[in-house]
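K.L.:
Feature table excerpt (TrEMBL):
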- B:E473: active site, proton donor (ACT_SITE)
- B:W333, B:D334, B:K572, B:Q573: substrate binding site (BINDING)
- B:9-238: domain 'Glycoside hydrolase family 65 N-terminal' (DOMAIN)
- B:298-659: domain 'Glycoside hydrolase family 65 central catalytic' (DOMAIN)
- B:673-724: domain 'Glycoside hydrolase family 65 C-terminal' (DOMAIN)
There are 2 protein chains.
Amino acid sequence: MKPMTTLNEPRFDPHCLNKYATLMAAGNGYLGIRATHEESYSQQNRGMYLAGLYHRAGERDVTELINLPDVVGMEIEIDGAIFSLLSGEILDWRRELSFSSGEVARDVLWRAPNGRRYRIESRRFLSAAQKSLFAMRLSITPLDGAAQVKLTTGIDATQTNSGRQHLDDISLRVYDERFLQGVYRVQGSQIDVSIGCHCAVTHTVNRLSAVNRKLMQHSTALVAQGATLCCEKVCWIAGDPDATPDGLEAQSLAALKAAADMGYEALLTASRQAMVQWWRQSRVELDCDNVQDQQALDFALYHLHAMTPEHDDRASIAAKGLTGEGYKGHVFWDTEVFLLPFYLYTHPETARQLLRYRWHNLPGAQQKARRNGYQGALFPWESARTGEEETPEFAAINIRTGQRQRVASALAEHHLVADIGWAVMRYVDISGDDAFLQEEGGELLYQTACFWISRTTEVEGHLEIHDVIGPDEYTEHVNNNAFTNYMALYNVASALKHCPTALLAADFKANAEDFIARLRLPVPDMRHVLPQDDSFFSKPFIDLSRYQAHAGKQTILLDYSRAEVNEMQILKQADVVMLFYLQPGLFTPETQQASLAWYLPRTIHDSSLSKTIHGIVAARCHDPQTAYRFWREGSQIDLGDDPHSSDDGLHAAATGAIWLGVIEGFAGVSVEQGLCVAPRLPEGWRRLRFPLCYQGIRLTLELTPTHLTMTTSAPLTFRLYGRCVSFSGQGSWAYQDFI
Amino acid sequence: MKPMTTLNEPRFDPHCLNKYATLMAAGNGYLGIRATHEESYSQQNRGMYLAGLYHRAGERDVTELINLPDVVGMEIEIDGAIFSLLSGEILDWRRELSFSSGEVARDVLWRAPNGRRYRIESRRFLSAAQKSLFAMRLSITPLDGAAQVKLTTGIDATQTNSGRQHLDDISLRVYDERFLQGVYRVQGSQIDVSIGCHCAVTHTVNRLSAVNRKLMQHSTALVAQGATLCCEKVCWIAGDPDATPDGLEAQSLAALKAAADMGYEALLTASRQAMVQWWRQSRVELDCDNVQDQQALDFALYHLHAMTPEHDDRASIAAKGLTGEGYKGHVFWDTEVFLLPFYLYTHPETARQLLRYRWHNLPGAQQKARRNGYQGALFPWESARTGEEETPEFAAINIRTGQRQRVASALAEHHLVADIGWAVMRYVDISGDDAFLQEEGGELLYQTACFWISRTTEVEGHLEIHDVIGPDEYTEHVNNNAFTNYMALYNVASALKHCPTALLAADFKANAEDFIARLRLPVPDMRHVLPQDDSFFSKPFIDLSRYQAHAGKQTILLDYSRAEVNEMQILKQADVVMLFYLQPGLFTPETQQASLAWYLPRTIHDSSLSKTIHGIVAARCHDPQTAYRFWREGSQIDLGDDPHSSDDGLHAAATGAIWLGVIEGFAGVSVEQGLCVAPRLPEGWRRLRFPLCYQGIRLTLELTPTHLTMTTSAPLTFRLYGRCVSFSGQGSWAYQDFI
């Protein structure tokens with residue numbers, strides 16, 4: 001495998017504390033830990049999250065992913081000065097996240113305000129081998145004389161979600177004068193989280209304290225000039241969002257002791273080994289001029305691994321993964337549409353887990369449908385662990401008027417239901433796991449289809465879907481939204497075709513056939529442009545170039561109210577393009593090309609989900625330059641220069657989209673009645689190599705500007721640029737023979 | 001009046017952030033606001049407290065004084081750099097609290113990391129004229145070129161008590177694009193606090209935001225070289241701990257608007273004027289060589305004003321005043337014994353309010369007595385607003401053993417009951433307010449006396465008081481503690497003599513007389529030393545000098561367990577000396593001298609209440625050198641060099657003791673069958689002048705080393721060194737004529 005790239009923080013910049021705390025966050029699907037510095041900065045937000053562990057702190061509050069007590073912080077005092085990179089001078093600096101191991105390293109040569117120099121180095125990682133294990137290492141070397149060092153670290157339960165406390169501390173203990181353990185209970189529940197740590201600090205005197213929700217070890221040492229004080233901190237963080245495991249405290253303590261015995265290097269080796277298999281099944285390798293392209297892919301895959309709770313099918317992927325508190329840790333359609341495809345093609349068992357999350361939550365979705373007068377399952381727009389609708393009923397109060405506004409998404413952004421139906425079908429088509437349709441998949445398809453059948457309004461003999469919001473949230477409460485209607489049709493048709501009969505109500509078949517026959521579907525106009533909804537073409541056009549220049553910042557809302565935006569041809573992202581991405585086979589190349597061209601000047605790309613998807617469609621429309629530009633811009637949503645774009649967490653969907661853009665866009669992989677490949681590499685990409693899993697067959701694809709080379713674990717038939725090819729073992733084909 | 005001193009923070013020291021945040025805290029009895037810097041530091045704890053506003057956040061928690069949303073913080077960005085004194089260079093520095101006005105001023109000449117210099121000046125005060133009003137002023141002057149300044153400030157409700165949240169934000173509003181207002185509800189109650197602010201920032205563009213419990217104004221300005229950007233922030237913080245006032249939001253907003261219209265300078269003038277009368281009734285003026293002596297007195301009186309909720313007789317003075325979260329904002333015996341005397345002699349109406357606090361809480365005290373099998377009133381050792389016992393039932397878990405230990409003080413430190421009885425009698429004797437005895441005072445005396453009568457155990461025909469803790473908390477669970485028994489005797493005797501008959505149960509007189517006749521009272525031994533309790537003389541003596549060298553730090557507990565300390569002659573503070581201070585007339589000078597000398601080597605002074613009291617008794621024992629040494633040391637508890645002694649708030653009782661040491665110690669003021677004066681000035685004190693209020697008569701006393709000069713508002717008879725003097729208007733006496 002080509003050597004992995006790294007992510008480097010080029011300099012210490014107080015403005016970027018939270019950006020890099022997000023970008024370099026550690027995660028293993030079970031835990032996420034923000035990459036905050038050991039020393040505290042008032043602007044720096046620490047965070048540690050356990051997948052699926054949510055709580056609502058007050059009646060007027062929203063359920064949120066709990067920010068757990070901190071283990072990263074260390075107060076370092078050297079020769080009387082509290083170590084802070086704001087003071088003194090940084091003579092040398094390196095901070096780097098290794099994507100292959102997940103280890104973050106920082107090496108600083110610091111001249112303190114007293115004029116003396118100290119080398120301060122730290123390492124840390126969250127284990128891929130043992131999900132509860134987090135380990136750190138800090139070393140301090142005084143270069144200009146002996147130094148008196150004080151180090152205070154432990155478990156700090158003063159952490160909150162922006163001032164909201166979710167945990168009671170029910171036990172704070174120290175065992176053998178070395179093992180610190182706190183047990184924290186989610187308020188008003190019986191759910192406990194145990195957090196333990198062991199700090200081995202060389203040649204020090206230690207003191208312990210438990211004051212004001214902080215369980216701390218205070219170490220003091222005199223370090224000779226040139227000698228190195230080393231602190232190795234091993235932490236064990238364990239809990240289950242559904243129930244407190246029997247013997248949680250004792251088992252966590254035993255595990256902590258065992259881990260501490262192994263020591264940092266051995267633990268890191270074990271974690272690195274556990275990652276190898278994952279990278280083997282996932283890595284996209286690239287030879288090209290722009291090294292950032294490979295870095296963006298490694299970054300995306302690193303975080304896809306970090307954010308995905310593959311161990312727990314009652315948890316899913318939050319909109320910010322496990323990297324921050326944005327969107328309160330809620331799950332959106334992002335999971336099915338932007339993140340699931342990666343798993344479908346590389347880790348189908350994980351894709352199945354993610355769909356089982358929705359299946360577990362069917363009861364809540366059915367209740368929501370009932371409450372709103374529909375049948376079937378209306379999945380919550382925002383979802384946490386229980387499947388309840390977690391979107392706040394009202395948006396934040398308008399601070400100028402004091403008015404509360406109902407949140408429109410939970411009321412009308414119903415396409416999520418069809419997106420889940422689509423995801424079920426994608427899973428079955430790509431994995432070949434037909435059995436899934438007999439169980440969870442069939443139920444999901446059926447319940448979502450029933451919702452759509454009940455969601456219609458009859459107008460002049462047609463069935464219409466009224467008052468919806470498509471993915472484009474700048475256009476609200478429209479009728480016959482193209483995205484929604486086509487996706488609903490596919491949902492119902494799939495259910496009709498694939499659901500086991502035993503599941504179906506007596507009248508379902510007739511109702512479904514009627515729905516399919518009579519559903520009004522927007523059709524392309526004379527220019528081949530597919531209308532976004534019934535009213536979009538009649539709205540006025542305005543020049544959006546100044547807003548497009550600040551895509552992602554919603555600057556349009558500084559000049560126009562939401563109501564005004566709604567009445568113009570202004571798109572956050574283009575629904576129709578999103579539809580082409582999901583259902584390429586439904587529309588002619590002409591329609592896709594004409595529509596893409598027509599919608600582009602009307603699209604601001606204020607959604608982080610927008611650009612990469614537009615890029616994929618552009619690639620399919622044989623516009624590789626536009627495709628590459630969009631892909632690159634999409635990959636900069638987190639990696640770009642904006643110091644604050646990622647403050648409250650990563651754009652999780654955007655990482656999925658980075659992978660999607662390459663695989664579905666540039667490699668042209670799709671599954672439509674079988675596996676299809678239609679390479680269209682961007683200029684300068686000399687070689688693209690990646691693994692795929694298709695119907696249980698393990699493939700490796702290697703693309704050059706002229707040739708496709710494939711290895712397969714079983715005989716395979718696929719289409720290259722639409723023409724059938726059968727082979728086994730390894731094959732190689734020149735594109736020119738197929739175009 | 002002699003010019004007031006100030007308190008200066010000599011340099012910016014990150015270790016001292018919380019020390020000076022406490023020492024320079026603003027307070028007006030209604031609100032207390034810690035003197036944190038405008039810019040944030042990770043070690044700096046912000047705090048704003050409203051007297052009497054408590055809440056318990058969880059079942060395992062303790063009721064605590066709520067840390068309110070912050071209004072002090074300002075994020076200042078200059079030319080792209082976040083302003084922090086940790087970075088760049090401080091070229092000039094001044095930070096000063098003016099005791100006369102309560103204004104804190106900071107002037108900094110700062111060289112930013114970019115090399116350019118900026119003058120940054122700020123002022124702030126909490127109004128003495130309008131208790132809800134807090135005002136700040138910040139100015140920034142770029143000296144080496146124009147500067148781009150960003151200023152973010154407002155109301156930050158992410159504040160917690162060490163991670164504990166007590167408030168829900170129920171309304172965040174902006175009126176007229178200028179007035180920010182948040183309404184916060186104490187969780188699970190109907191009690192609201194309204195916090196409003198108005199920030200006028202010269203020549204800026206402003207933006208408003210309400211995100212994550214922060215309601216903020218963001219101001220941006222380009223400031224020319226040499227020009228000054230000025231920000232004037234006026235805040236209105238209003239609430240009532242018992243009920244939400246009608247129209248709280250509207251009235252607070254109107255008051256905020258009116259205050260903002262007046263502007264900083266006019267508001268400060270009004271506040272300063274309101275302080276003048278208070279200082280006139282309180283100020284102690286001193287001519288002496290050591291300017292720190294005058295400063296200690298001004299410091300003490302400034303904080304006595306700041307901490308005392310004279311507006312609310314259901315609130316009392318917390319052990320840390322309104323300056324921090326130490327002792328959770330609870331009220332102890334400190335109020336009656338160390339703080340009340342100042343009010344008795346200067347603001348008797350406030351003294352009465354403080355006693356009414358106990359009277360309001362009689363029901364809780366009666367319940368506690370009943371629950372423990374006693375009669376009358378057993379006041380809670382720690383008290384908040386309701387009079388419930390707030391001492392945690394169990395001490396913090398022992399982190400090594402996991403054992404919880406019952407807190408002994410709430411179970412056995414019963415002397416508080418007699419201290420309250422003593423305080424009632426002091427109030428009546430000094431104020432002459434006999435009517436108080438017919439009402440609240442009589443009830444307090446009677447209920448406390450009933451408690452003592454029920455608290456006895458009969459042994460060989462005597463009544464004994466078993467299993468108590470005296471003020472000396474290093475000696476627990478003893479029988480016939482001298483302090484407790486003598487104070488209980490005085491309590492019962494006072495009730496018998498002064499309580500209105502209508503209050504008394506039929507058998508009270510007989511029971512009280514029996515109690516007085518049969519109560520066992522420790523008596524001095526052959527050496528004239530009064531035993532602290534039945535067992536103290538039989539315990540072994542050890543050399544305490546190494547612990548005395550670190551008085552206040554409880555270093556003895558590093559070498560010995562509490563159980564071991566209990567079995568030796570080791571005192572945190574000497575009970576017997578404390579008894580002499582409260583009841584000087586009961587004991588012969590011989591007993592007092594001999595006991596003081598005997599107990600001193602056995603006393604560590606680990607209590608902040610110890611030294612100044614020992615100083616007063618030493619003064620009365622004609623040992624002015626020891627008296628002055630103790631007084632000075634006592635005055636350094638907060639003002640001394642220890643950077644962390646005041647981190648979680650001021651030692652409120654110690655401020656009362658600073659005043660006490662001068663008035664009762666050096667001026668020798670006492671009231672025993674009339675006003676007594678017996679000056680014994682420390683060497684180097686050339687003149688001591690202070691006002692007194694005795695039985696409604698306003699007096700001014702001026703002492704020199706040789707003469708006493710007094711003015712009186714009415715004809716007065718008093719005793720000077722024990723000899724009666726009558727005069728009116730003004731009189732002057734040479735000591736030598738009386739000794």
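Here the Cβ of each residue, glycine as well, is placed from N, Cα and C on the backbone.
All annotation found in TrEMBL is predicted automatically rather than curated by experts.
Relative to the rest of the structure, where do these features sit?
P.N.:
Counting every protein chain shown, the Cβ of B:E473 (active site, proton donor) has 18 other Cβ atoms within 10 Å.
Annotation note: B:K572 (substrate binding site) sits in a coil segment as assigned by DSSP.
Per DSSP, the domain 'Glycoside hydrolase family 65 C-terminal' (B:673-724) is made up of 0 helix, 33 strand, 19 coil.
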K.L.:
Relative to the Cβ of B:D334 (substrate binding site), which residues of the same chain, six or more apart in sequence, are found under 8 Å away?
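P.N.:
Listed in sequence order, they are B:I317, B:A319, B:L609, B:A652, B:A653, B:G656.
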K.L.:
Can you name the recorded positions among B:W333, B:D334, B:E473, B:K572 whose Cβ is less than 8 Å from some Cβ in chain A?
P.N.:
none
K.L.:
Which three-state DSSP class does B:D334 (substrate binding site) fall into?
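P.N.:
Its secondary structure by DSSP: helix.
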K.L.:
Looking at the domain 'Glycoside hydrolase family 65 N-terminal' (B:9-238) alone, can you tell me the average pLDDT?
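P.N.:
Here the mean pLDDT over the domain 'Glycoside hydrolase family 65 N-terminal' (B:9-238) amounts to 96.
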K.L.:
Counting only residues 6+ apart in the same chain, whose Cβ is under 8 Å from the Cβ of B:K572 (substrate binding site)?
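P.N.:
The list for B:K572 (substrate binding site) reads B:D472, B:E473, B:Y474, B:T603, B:I604, B:H605, B:D606, B:S607, B:S610, given in order along the sequence.
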K.L.:
Where the record says B:W333, B:D334, B:K572, B:Q573 bind substrate, what is the longest distance in Å from one Cα to another among those residues?
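P.N.:
Binding-site diameter by Cα atoms for substrate: 16 Å.
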K.L.:
Other residues near the substrate site, CB within 8 A of the CB centroid of B:W333, B:D334, B:K572, B:Q573?
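P.N.:
For the substrate site the neighbour list reads B:F332, B:V337, B:P471, B:E473, B:M578, B:S607, B:L609, B:S610, B:A653.
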K.L.:
Is it possible to get the count of other C-beta atoms within 10 angstroms of the C-beta of B:Q573 (substrate binding site)?
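P.N.:
Step by step: centre on the Cβ of B:Q573 (substrate binding site), count other Cβ atoms within 10 Å, giving 23.
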